[in-house]
Amino acid sequence: GVVDWFREAVGIPMEKKYNSVLFGGLIGSLFSLLQFLSSPITGALSDCHGRRPLLILTTLGLMSSYAVWAVSRSFSMFLLFRVIGGIFKGNVSLCTAIVADLPCPKARNRGMAMIGVAFSLGFTLGPLMGAYFAVSSRTSGNVFYQTPALLALAFSVADLLFIWLMLPETLTKDVKASSSGFGDSRDLLNPLSLFHFSAVTRTKDPPSKERMQKLQVLGLVYFCYLFLFSGLEFTLSFLTHQRFQFTSMQQGKMFFFIGVIMALIQGGYARRIKPGHHIKAVRMAIITLIPAFILIGLSWNITMLYTGLALYSFAAAIVVPCLSTLVSDHGSANQKGTVMGILRSLGALARAMGPVVSSSVYWIAGAQICFLITSTSFIVPLVLLSRARRLKEE
């Protein structure tokens, strides 16, 4: 099908380990594309109806997707699971909107950092658990995906109970947008409108021209960064398989190493960044990524690889939480869901496109050229970030 066509088009070897990585990446791109469509709508609806009801709805949707995954016995059922999951993945943008509702800038910064810590812990434990289930299923004879599906379902049930019993509504009635306030659907689905944050301007209290310009530049920085980053992140599995013959368990240990460093940086340094210093922190992190990916791309031994991964982990821990904090400061109280939903949508679009482009360059031009070209391309978000820093706000 599509996987075979893409593999032949870019020259990926016909080997099982490469096919599994490629297939997982293309399914992940589909998942991200669905997030791109759903995140801005979910965020805008939460501005009208509250964060808590939408968070409960999206969690129920994810529960249903995991249930479909657990009972699936065909590719079409598996694909249905990913489609349902992608549509209801707006819960992440809702969580950032809840943090954006906090009135104190320091509290918002700590909140965004803690969301980053949660992602890092998932990044740490998830690959190891996946590798464990893959290995254990070979010896036990069980269906390899059923146990992780049931575990994910159990986690989502616990998540729903926590939201239902413990989470208060953070958007008060006096600041909720009217039912027509989430704007023309074209503003929430058209990529060009999303890059311009058009839905934010079509309200009774739109941000000033200067603040809108800064918001648009920050959104573009976020997209460019994730487009480049997600592409190299995806090809990392190809590189370690091809150059170092990593097994699934070794891959899991590598991602565990990355996740631990990210969690330590986010829990220690990122949440203590003072208001007004976030652009500087993002700039430093993106600059760090350039030598990180060059080291990874040119690595000929494990020490060089892990040195690059350590720098990569440091930078990855800072950029998204800090950009989320910067963007959350824009828009009125009844626009936070729309703003954060659009930001997540741009990130999802980048994650849908980045792996396809980067893996094409990887297999057509080679690992070294792919990593060198992409590393130098991080100059683009750096230039945009300098422009955002120069923009004055009223």
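Note: Cβ is positioned from N, Cα and C throughout, glycine not excepted.
Heads up, TrEMBL stuff is auto-annotated, nobody curated it.
According to TrEMBL, the protein has these features:
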- 1-393: domain 'Major facilitator superfamily (MFS) profile' (DOMAIN)
- 20-42: transmembrane segment (TRANSMEM)
- 54-72: transmembrane segment (TRANSMEM)
- 78-100: transmembrane segment (TRANSMEM)
- 112-135: transmembrane segment (TRANSMEM)
- 147-167: transmembrane segment (TRANSMEM)
- 217-239: transmembrane segment (TRANSMEM)
- 251-269: transmembrane segment (TRANSMEM)
- 281-303: transmembrane segment (TRANSMEM)
- 309-327: transmembrane segment (TRANSMEM)
- 363-385: transmembrane segment (TRANSMEM)
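Highlighted: of the candidate stretches 54-72, 147-167, 309-327, 363-385, 363-385 has the greatest count of Cβ pairs under 8 Å to the transmembrane segment (217-239). Residues 42, 45-46, 78, 80-82, 84-85, 87-91, 94-95, 98, 145-146, 149-150, 152-153, 156-157, 159-160, 163-164, 167, 337 of the same chain, all 6+ positions outside the transmembrane segment (54-72), place their C-beta atoms under 8 angstroms from a C-beta of that stretch.
Using the rule of three or more Cβ pairs under 8 Å, pairs at least 6 apart in sequence, the transmembrane segment (281-303) is not in contact with the transmembrane segment (78-100). Beyond the ends of the transmembrane segment (363-385), by six or more residues, the same chain brings 10-12, 217, 220-221, 224-225, 228, 231-232, 235, 238-239, 242-243, 279, 282-283, 286-287, 289-291, 293-294, 296-298 to within a C-beta distance below 8 angstroms of the stretch.
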